[in-house]
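Record features (TrEMBL):
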TRANSMEM  21-41  transmembrane segment
TRANSMEM  61-80  transmembrane segment
TRANSMEM  101-123  transmembrane segment
TRANSMEM  143-166  transmembrane segment
TRANSMEM  173-191  transmembrane segment
TRANSMEM  229-249  transmembrane segment
Amino acid sequence: MKATLSSEWLKLRSVASTYHAIGTAAMTMVLGVVWALYVSALAEDRGSLRAAAPEQGFLPLLQISLAVLGVLAITTEYATGMIRTSLTTVPKRSTFLLAKAGIVAIATFTAALSILLVTYSVSRLIIGGHQVGFNDSAFTDDLPMLLASVLSVTCLALVGLGLGAAIRSTAGAILSVVALLFVLPGAANYLPPPWNTRVAPLLLPNLVPQIADQRLSSRLGDGFLSPPAALALLLAYPLIALALGYYVLKRRDA
């Protein structure tokens, strides 16, 4: 397994798409700084206001960028034909997919944690003493939300990896992740009551505040999950996607 992990790490860092995905994810920091400067200027004029925290407002960009990294970690091998060599070297499909999942998880967790911590810290430094809402709480109070956000990014990257292994198409897997992240939560709002408030809390983007035990959205109604239940459901998303990817990987030829 150690040799397989080393091989997967080498493959991940040797393709340009990895750096493109992380570079796009890093735009979260840039946008966070711009947002903090804008909010700070508004606070100078108005005295106080309530604004969205940049590490939460731009979280979807971070999520989709690193989910694409997860997709490309496997679909690039299919596109180039490298998958045949990989599966010849590591004939056991479970070992191959687990090693790839481990490397993707470590890479995306590290990137997401770094990006969100920098965005959080720099935005608070820019805001200073202005009262803008998101700087009212201490870091220890914000930490559960930050960790839940990092975990959601990692899980989405693994979902992308699993869907990439199952679909074997970069476009198809990315569209599936986009649907999971953006389309389904919007569609849930149009379900008739009480199904809208029953389905919405189960969708991946809505699990982050529930894990942190923060009721941030009225659209979830009274159907909030407990933090442990929300965490278990979040972890179930990549497990299901990877299980599907493994099933297809084992059943079909490369």
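Even glycines carry a Cβ here, placed using N, Cα and C.
Annotations in TrEMBL come from automatic prediction, not curation.
Keep in mind that this is a model prediction, so the values were computed, not measured.
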Same-chain residue ranges lying at least 6 outside the transmembrane segment (173-191) that approach it to Cβ under 8 Å:
60, 63-64, 67-68, 71, 75, 156, 159-160, 163-164, 166-167, 199-200, 203-206, 219, 237
So which of 61-80, 143-166, 229-249 has the most C-beta pairs under 8 Å when paired with the transmembrane segment (21-41)?
61-80
Spatial neighbours of the transmembrane segment (61-80) far in sequence, C-beta under 8 Å, 6+ residues away:
11-12, 15, 17-18, 21-22, 24-25, 27-28, 31, 86, 100, 103-104, 107-108, 111-112, 115-116, 149, 152-154, 156-161, 163-165, 167-170, 173-174, 177-178, 181, 205, 245, 254
Under an 8 Å Cβ to Cβ limit, what residues of the same chain, 6 or more beyond the ends of the transmembrane segment (143-166), are close to it?
55-56, 59, 62-64, 66-75, 97, 100-101, 104-105, 108-109, 112-113, 116-117, 120, 172-174, 176-177, 180-181, 204-205, 207-209, 211-214, 231, 234-235, 237-238, 240-249
